[in-house]
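A.B. asks: Have a look at this one before I ask anything.
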């Protein structure tokens, strides 16, 4: 019994030693090297880091960034604490000099109908403000967003702008860079729709200079002066400009003083020079006009008897040219003068109308010739004066018969008229011409016009051999088409030569 009790006590003692002994030993044992510890490691009591290590650790963690940020905030708060952004720098002492530079992101499109163009720019303005000077290791301070509104900014506005858009995504696209010597660089991005007076007299071979003028709105030349920064206009050539019908040819500038009721203001102006690409106008207007004019000459090769065909060709060409002339002015400003394109279309219209007029004259002359030959008169000299009384009665009867015959053009009327009948009807005999002469009051306008035309036009084959045509120009009516086949193309060719030489050299 006793041995069992001793054995149980021994086991209890050993178990107690196993639980307590190892825990005490682990506390005094240093941590293993391969164990990961998060956070600062515990240091043995009584051991301190050197002062140098403490300074470096603080400098690389919190003290150095907080120190710079604090100094920048102190500088900004100091210079803006007593700063009044409503007053310009050097007020009452000297004018503020503002240096200007422009960077062009894109130019165009140019609208000839609205007389305006669009331009996207980054506008730089530089001036000195003694109130913003500071003495520190910081060379510059950059302000953006709403903080810029706490500074004095030149009240520059664009004089010929219709609409101006500033960008505010993701923040307002403006920035102010303050140097330690008080120099301020203000940058803003904007898109401007500006007026551009286009003089379309040489259209479509025209060139234009679109201005962009700016000045101060409230400060005259005694308070604010604008200067070019060596006239630097940077252009982003890699960007695709939306000029469409124009080519950019260059830029120049001008500085002027404009007098207003409130003072004299300095105005700075950029001029963007562009020239038109007239390839589109050539295919849209010039080629159709030329082709229509040449197609109207087809009527010269159509027979005179085909009046309907020749009339349809002439009328169609005239109406087509009228349509082209109207269409060329569709997307065009309502100017009161003729452009180079209008002049070209007008000449083509005149040539087409002359083609139709040539057919009209030819048809009129040949028709009157046939009508006059259809009713010939045979004149008989009087043999006895006693026949006058008898012939007068017959003359009245024949006059009524002739009136009825003229109403029926198909009837061939052959009249025998004596000298007495001519005297009764008012005709006078001319021994030189051997034919009756018609007094002015008894002949209609058509007869007078016909007589005038007979002085220059030969309406009967072989008429140039007659005595009454001697010494006058003889033009054969039936040869008018032959003359026109040569005259019209030559005229149109020389017109094109003169037109393009003058227009391309303007």
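Backbone N, Cα and C define each Cβ position, glycine as well.
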A.B. asks: Swiss-Prot annotates one residue of 253, 273 as N-linked glycosylation site; which residue is it?
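C.D. replies: Candidates were 253, 273; Swiss-Prot attaches N-linked glycosylation site to 253.
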A.B. asks: From 135, 482, pick the one Swiss-Prot annotates as N-linked glycosylation site?
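C.D. replies: So the answer, going by Swiss-Prot, is 135.
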A.B. asks: Determine from Swiss-Prot whether residue 336 and residue 161 lie on identical sides of the membrane.
C.D. replies: yes
A.B. asks: From the ranges 278-298, 383-403, 404-424, grab the one Swiss-Prot calls transmembrane segment.
C.D. replies: 278-298
A.B. asks: Looking only at the topological domain 'Extracellular' (329-344), what are its DSSP counts of helix, strand and coil residues?
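C.D. replies: Residue counts for the topological domain 'Extracellular' (329-344) by secondary structure: 5 helix, 0 strand, 11 coil.
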A.B. asks: Please determine whether the transmembrane segment (486-506) and the transmembrane segment (309-328) are in contact (criterion: at least three Cβ-Cβ distances under 8 Å, sequence separation 6 or more).
C.D. replies: no
A.B. asks: If you count the other Cβ atoms within 10 Å of each Cβ, which of the disulfide-bonded residues 196, 210 comes out on top?
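C.D. replies: Per the Cβ count within 10 Å, the most buried is 210.
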A.B. asks: Looking only at 135, 253, the glycosylation sites on record, which one has the least crowded Cβ, with the fewest other Cβ atoms within 10 Å?
C.D. replies: 135
A.B. asks: Using C-alpha atoms only, work out the spacing between residue 135 (N-linked glycosylation site) and residue 253 (N-linked glycosylation site) and round it to an integer in Å.
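C.D. replies: Spelling it out, the Cα of residue 135 (N-linked glycosylation site) and the Cα of residue 253 (N-linked glycosylation site) are 39 Å apart.
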A.B. asks: Provide the three-state DSSP residue tally for the topological domain 'Cytoplasmic' (299-308): helix first, then strand, then coil.
C.D. replies: 5 helix, 0 strand, 5 coil
A.B. asks: What average pLDDT is reported by the model for the topological domain 'Cytoplasmic' (366-485)?
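C.D. replies: On average, pLDDT over the topological domain 'Cytoplasmic' (366-485) sits at 54.
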A.B. asks: Taking DSSP as the reference, which of helix, strand or coil describes residue 196 (disulfide bond)?
C.D. replies: coil
